[in-house]
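Report on the structure given below.
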């Protein structure tokens, strides 16, 4: 053995391992057999052993089990066995044929080669049954292993075939040879069997295994194909093809979407997050007393711990959402990071190959052609590998983003159900919804780019390293420039952040104001206050746009810096390089490779500052979410449930507050089992607060509250869900027809349900918009009765209903004989009538209990209660029989003469008056006359049920009952009209300027690159410094030009965008504020309108300008690339056509599908927010009924449904990216192939065209992304534009209004002539030909049952609903002929619901600020609010909370009265104004109206007798027609009148 110079590998094989002459320096390259049998086989094996850990992870993470044996896995097992056998055979044959006696020596390779292969195949084999058992349908590691093994065996095939040919030659030649070829023959056969088997394994691994038998979640037929797609199909997203095709053929609808992947659903994500959150919360407490088990998902409940902590736990700081997020979703994220690392490395291999290509072209004659082709293919392979890995990386990141969003939305939702009142005061509903809509969304958008934090510096580092190799220390000069630029950027970024926060603040303000405007739109219209509020919104909006403008200038500044940055860097570097030494000359290769590297630095350098801004924004979001999740919660232990106490409900020595000052003190109440306790007192005395204290809603400062049993609660202001009437009553319980009908009759809802278009399946709008106050209140009561609880808290349920109904409800439900007789009840009430029937009474005064006892005891006491009764009786609005009852009750108690006297007086009064807004003019007897009513009712109930069961009816009912129009999600392409609308809003000049600037910018860029190659090719530069400086100077000028152009291009796009945003918002606002109430607001949920003002406007403000800017840049970059490549290799144009086609198809398919998915997603997003804001509003009711879990489930379901639409759109992105990048990779392949083969001799041009081609993949990808982003974002413009077609009301001002006298109407003479009206086209008439004539100054009462058209009459007078026939004239002028504001500002109304807006009290009384302070104080004095307002610190500037929450309902009503007094016009309309007020306040209002409006015409929609008693005329309405119109006395004299019969029913005649 002479040659001991051999390497260890040579000795291992017994032959040469690497032979460069044979492999590289030749025209016919080949590997050595040793290399083929070691390196090429061991590489795949090593790969598999390294990554097998992932296979184990997938086994562990799988949610399924048990795949049945099938053809696929059986064949896999068999072929694998075959491989094991053949490898074992290899080893045995080697031991038999070689070594020992035989003349063939036995090398290590013969032993170790088969052993390594055998071990690997065995490992693969073990996974076949394992994967089957754990339900893993496909594995990537195995696929890649087989793929590598097959591909790397190909060179050996060639070698073996050649050797075989040579052997045959020797055998066929005549000389009889001594050689024994049996070992070689064996190897030849064994290798080809092995190769065949590996190829079969590769093909088998292209398919996924069958469906598992056991799955954790039910798999429907609509399951997502991804779950059972093979690895190959997953990395190419081929499983998505079906959806893309379907979406291309016709617009996708919800039913076409797949189910959510189980691992992304709330039920999988939440427990993990909750577990880590709770851990984190516990870490924040010093006292580690509680040890929690791991968060379990017991029947769908996830418990979150309260980070605000018990009062005793000393707190170390806020619990942040960040650590739980890392812990819950960090794993997938890290795996993604690994992939990112890999692609970054691949990216930097590209410039290296580029330099090889350039040197190949320079030395074209010397090098064999196959090398050029190899380089071209190598470039393609690198690019393709990068494509696939990046695809998976982004996919993973999106999933993490989605899961984080799910977790946050759910955490916020669960928290919102438990926040205390002080927290609720700090943030409005709008702000809390924004946490969900904006902040949680931010997170999702950030996760995709988060890895750039480390990846960008890494890329910059690598680039610098390779640049150093090209240009040496000169790179440091360039680096210095970069480092100087970073702080500059930091400064800009922090400025942007401050603006961002400011803009968020304005946006919150604006959305909050819009929320109120939209909620109170009816009132605004009745008062003609829209201009004032419109102006307020526009003022905020102007500030918002100004802030955005400043941001734009800063953004453009960053853009200028960054487009200059790579250029400045390369300029400084090249200049330093050339000027430092004469020897340094630029060669084409140096220039182009350096430029390619500088370009690679461009992306990380651009992204870093953007990322820093994004992270800053997300930090703001994190802080907002943290603040909310850490805010104070209601103390669950403030109410005890101690069953050992004697009474089911009690408060002992209670002191309570609403967060600031003490509201209730010294409260002692006991409610005995099955007793009825009444709470009475004046407005604001704390009656409702006591109920809230029982519910645990108030902060308990001292004392003990105890309740035992299931609670039901009827709030003072009914909380109605946007669902059907039946769902509102059942409230999540099962439907029991008998009980349900009983409840409906008891709550007097039968008549109302019959009026509704679809019976009890009628959908109720948001906040119960299409129900009257009384109906809402009764539904709320029915919900409580149906819930069949043990304890009932009834907060004034009878206030909004009429006297008769109230009596009926008391008897049937609340009273001693009602449905609730066996329950313990607390009743807050204003009526005296029912007090004799309650078990005990507590009288509240100024937040304390002034006295308590039974009716008799309290009457004897002659205390506050006796005053209360006297006060009440003097108003004389009780009916005779009830008064008699009270009289009997009082006289039985002994000596209370002054009380008896009052009662006598009241009885006399009652005889003379009687009339009421009875349940119905005709059927009043069915309620009052007890005898016949029950029989009749049972009969009716049966018939009602039998009818209801008819299925045909049901369908009809459902259709009719739909009130809210379902949100249209547009289908098909966005019309050009929308773009036109947008461009018009931007303005022609700005649009054209944008195009021109971008064009010139690209021209400069190409110019500078061509100039560089020209310089590098110029041979004379070496010995002529003047020439060199000229080249340098021109190059610098090019760069500076680029920077300036970049700045202006960006500024102009943004300014144009904001111009458009401003125009679009103002148009939207104008259109919506002028929308008609009945034809638009009643059928459009507020949530949807707000979504346009917040979500859609957000897109138009921020996303669209940015997207437009990028789009412009990219489209010009693509054009530039095509120009450059075609300059270098004209033949490329031939390829560009088919490639363009491919590109176009991918893009069309994608955009069609993606756009529709985006639309579906945004439509499925608003329900999350509507449901959320509904929950926040009704939180106290939800807590009282203890149905939080059900609401959480509903919310989860809505989030999941949104994900169902969101996930495919994420995939669509990847699907497209993979396809497009492959198109881009083809461009690279052809550009480099043509460059190598096309015989182009100028290496500069070749290099330039290849380096441009290298960028094209990214650019193309971004281009489609941006074009589809524009399409998706422009949908917002489209949606807003659709509101432009909103049904408008008549114009506000008309020219001819100006010549009306200032004090019109002088008389106040109102005349209706055959007037007809309907709410919307296609509905029935509500008033059918009403005619009457009211002289100036007359007082007229209007009565009639619910739905008779009383409110419609007043709405028609204000033209909220327009006439369908006939006319109304005031002082002889037809009201249809004047502007709405002219009309509405000359009439006054005190509306049914007192609506207040947040802002100062002053703004609420006088939004146009035209009245003096004295006038306002005068009005306040007359409306009995003066002392209250004087007592406030801020006086008239007292801030009123959203919806007037910080005033009692009575006080709100008085504010409305003050508004009326301030306006004081000739015609006053009172709409059920006395509903929510206690008797004293009612009395005050009546007195004020009688004195102050003596001269005016007053129309009263009556509720109580005394309100119409002294009126001049009474109008009785029934079914939209006037049945009687005369003075009350006249009607009472006529026994035939309906009026008389009503009076008779009430025993008043």
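Using the three backbone atoms N, Cα and C, a Cβ is placed for every residue, glycine included.
Note: TrEMBL annotation is automatic and uncurated.
Of the given residue ranges 19-38, 39-58, TrEMBL assigns the label transmembrane segment to 39-58. Of the candidate ranges 163-185, 186-208, TrEMBL annotates residues 186-208 with the feature transmembrane segment. Looking at the stretches 878-902, 903-927, 928-952, the one that TrEMBL records under the feature region 'Disordered' is 928-952.
Between the transmembrane segment (135-154) and the transmembrane segment (39-58), the number of CB pairs under 8 angstroms, six or more residues apart, is three or more, so the stretches are in contact. Summed and averaged per residue, pLDDT over the domain 'ABC transporter' (649-871) gives 88. By the count of Cβ pairs under 8 Å, the stretch nearest in packing to the domain 'ABC transporter' (649-871) among 334-617, 992-1272, 1310-1544 is 1310-1544. Through the fold, the transmembrane segment (591-611) approaches residues 347-348, 350-351, 354-355, 358, 449-450, 452-453, 455-457, 459-460, 463, 466-467, 470-471, 482, 486, 489-490, 492-493, 558, 562, 565-566, 569-570, 573-574, 1009, 1012-1013, 1015-1016, 1244, 1247-1248, 1251, 1254-1255, 1258 of its own chain, all at least 6 residues removed from its boundaries and within a Cβ separation under 8 Å. Residues 106, 110-111, 113-115, 117-118, 121-122, 124-125, 128, 183, 186, 190, 193-194, 197-198, 200-201, 204 of the same chain lie 6 or more positions beyond the ends of the transmembrane segment (78-96) yet place their CB under 8 Å from a CB of it.
Panel annotation: around the transmembrane segment (449-468), residues 333, 336-337, 340-341, 344-345, 347-348, 351-352, 393, 397, 475, 478-479, 482, 573, 593-594, 597-598, 600-601, 603-605, 607-608, 610-611, 614-615 of the same chain, lying at least six beyond its termini, place a Cβ under 8 Å from a Cβ of the stretch.
Using a cut-off of 8 Å between Cβ atoms, the transmembrane segment (1032-1056) and the transmembrane segment (988-1012) share at least three residue pairs, counting only pairs 6 or more apart in sequence. Long-range contacts of the transmembrane segment (1114-1145) within the same chain: residues 998-999, 1001-1002, 1005-1006, 1009, 1220, 1223, 1226-1227, 1230-1231, 1234-1235, 1238, 1240, 1242, 1245-1246, 1248-1249, 1252-1253, 1255-1256, 1259-1260, 1262-1264, 1266, each at least 6 residues beyond the stretch ends and with a Cβ under 8 Å from a Cβ of the stretch. Taking Cβ pairs closer than 8 Å, the transmembrane segment (39-58) reaches residues 31, 113, 116-117, 120, 123-124, 127, 131, 136, 139-142, 144-146, 148-149, 152-153, 155-156 in its own chain, all 6 or more past its ends.
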